[in-house]
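Input: a single structure, listed below in structure tokens.
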Amino acid sequence: MSADPQVTAAARRGWWLSAPALVLLAVGATGPLLIMLVYSFLEPGQYGNVEWALSFKAWFNVVMQRDIFDGTLTFADAHLSIFWRSAKLALLTTLFAFLTGFPTAWFIATRSPGLRTALLFLITIPFWTNLLIRTFAINQIIRNEGFLNTFLLWTGIIDTPIVMLYTDFAVFIGMTYVYLPLMVLPLFAAIDRFDMRLLQAGYDLYASRWQLLRHVIVPVVKPGIISGSILVFIPALGAYVTPRILGGGRNMMIGNFIELQFGQGRNWPLGAALSVVLLVVVSLALIVYTRFATGSEGKSHG
Amino acid sequence: MADRSFDIARLPGFATIAVTIFVLLYLPIAMLVIFSFNAGDNVAIWEGFSLRWYPEAWANEAVKQATWRSLQIATCAAIIATTVATMAALGTTRRRQTRGQSFVYLMINQPLMVPEIVTAVALLIFFSSIKVATGYQGLGYLILAHAAFCIPFAYLPIRARLEGMDLSLETASADLYATRWQTFRHVTLPLVMPGAIAGLMLAFVTSLDDVVITLFVKSAGQDTLPTYMLAQIRRSVSAEVNAISTLLLLLTVVLLTAFFLLTRKRT
């Protein structure tokens, strides 16, 4: 290593300047994650909190359960069904957000510069608007005595309200609604860089619009598709507010199930273990994404 | 054929979907705002225009306290986050890449990558033992937690601003025998300021909107506006929540518009 004193001094100054932010993040974000990992290996306390005794029970209970009467081992069906629902809803949300977000992003990117800025601003506002308020707005639309049912009853299309609130469908619609901007923004960024002359070339070679979409547009904007999907999938998988307001008590997702362990469940170690599981799944998704993104970038340079 | 040229970028059905999406994106919010002016206590049947829910919400002592608490936390957290984020941005941009830098980026962006519920639970565990050990139950925990997750939001616009900055100005200042502090005070800081104000606003909005982390970190009786609203939504829905939501929406739109004007590229 070359010891250029000027570079070393600059690097040291960089560290000192970054130190307050790093300390704050270590205390208020990263450090507690490690403590949580420790807690997942302890015994639950009787009134919440923990007993300081090493135990693997919480980890065991993530997927298995022992029958309280005869002691037989079975899979914890209740837990597995919650994991399955979370994964299913998060994937459906991502897919539907892509199917609606892609045309929207394409539409924005192909407008005149002035209109484009205005439309982007319109997409950004909901993104920064309180998630709770947006979920609440959906709640008011789809509840039994809500706007949609009142309207349908008034027109005579239906004669009894359609029950939508507190179903998986409501959670899916709500999550698609609140996370859609996260899909549109990276897709727009990718389409904006797309060279429209490629389409011209495609048409010259007698490609249909569908063939162009399938073989030219989608492969080129793939990094944007991956970014958008990850940005939607991660918060959807760990969603708490939306399933709580739209899914009610029965249609729990993993986020609500984790909360339950710190409330009525009084099983902090299980809650901690479930949080670690969620964190690991999200980290894996991020790692795959990073590999994918850098891989495709390297290819395009080659 | 003659009057309409062939648009190569047009894909069938895309415009229809996009327009529908824009309408659907704003319709629920529009209904929420409209029904905050409803004379009756119903979220679907219009009973005439009235402003009654606004004074009614404001007369509610719980709303008043939650609003004040939210503003206190958001102001403190945004100022702390912006200060440390500005320092970190100065320390990580405009220099040769070092190995430590990717670590700093990773740490700063960490709150964006970890699901909020996970951070919330981790903070609950951490702070609950500190609460027991010290007996302190105040707003400090919420301010600390909010400041931490606001850092990436404050950092990004500041870093963008610094990267677009002309280094020669600082070199010129040094050539004219300005001390390092003078250069910072009279050259760097004024140039960074728009980025820092933009970061401050994003951090403020982010803190003001937070539900999940606040819910897990707060002590009893420390409701912020969003956690108060969450509790209300679970009980009976009153148009009072619509009125509060409308005011919060207005505040967000005002701050965002200011943010866009500040960060707009000068032509």
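Even glycines carry a Cβ here, placed using N, Cα and C.
Taken from TrEMBL, the feature domain 'ABC transmembrane type-1' covers B:67-262.
Tertiary neighbourhood of the transmembrane segment (B:12-37): same-chain residues 43-44, 46, 49-51, 53-54, 239, 242-243, 245-246, 249, selected by CB-CB distance under 8 Å and a gap of 6+ residues from either end. For B:12-37 (among others), the entry in TrEMBL reads transmembrane segment.
Per TrEMBL, transmembrane segment is recorded for B:71-91 (among others).
Distant neighbours of the transmembrane segment (B:103-127): 85, 88, 91-92, 141, 145, 148-149, 151-152, 155, 212-213, 215-217; these residues of the same chain sit at least 6 beyond its ends, with a Cβ under 8 Å from one of its Cβ atoms. As annotated by TrEMBL, transmembrane segment applies to B:103-127 (among others).
Per TrEMBL, the feature transmembrane segment maps to B:139-158 (among others). Only residues 6 or more beyond the boundaries of the transmembrane segment (B:139-158), in the same chain, are considered here, and those with a CB under 8 A from a CB of the stretch are 69, 72-74, 76-78, 80-82, 84-86, 88-89, 108-112, 116, 119, 123, 127, 130-131, 192, 195-196, 198-200, 202-203, 206-207, 210, 213-214, 217-219, 222, 224, 259, 263.
If you look up TrEMBL, you'll see B:187-208 (among others) marked as transmembrane segment.
TrEMBL lists B:243-262 (among others) with the feature transmembrane segment.
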For the transmembrane segment (B:71-91), could you work out the same-chain residues 6 or more beyond its ends whose Cβ comes under 8 Å from its Cβ atoms?
104, 108, 139, 142-143, 146-148, 150-155, 158-159, 162, 188, 192, 195-196, 199-201, 203-204, 207-208, 224
May I ask for the residues of the chain that lie six or more residues beyond the transmembrane segment (B:243-262) and have a Cβ under 8 Å from a Cβ within it?
29, 32-33, 36, 53-54, 56-57, 63, 157, 194, 197-198, 201-202, 204-205, 208-209, 225, 229
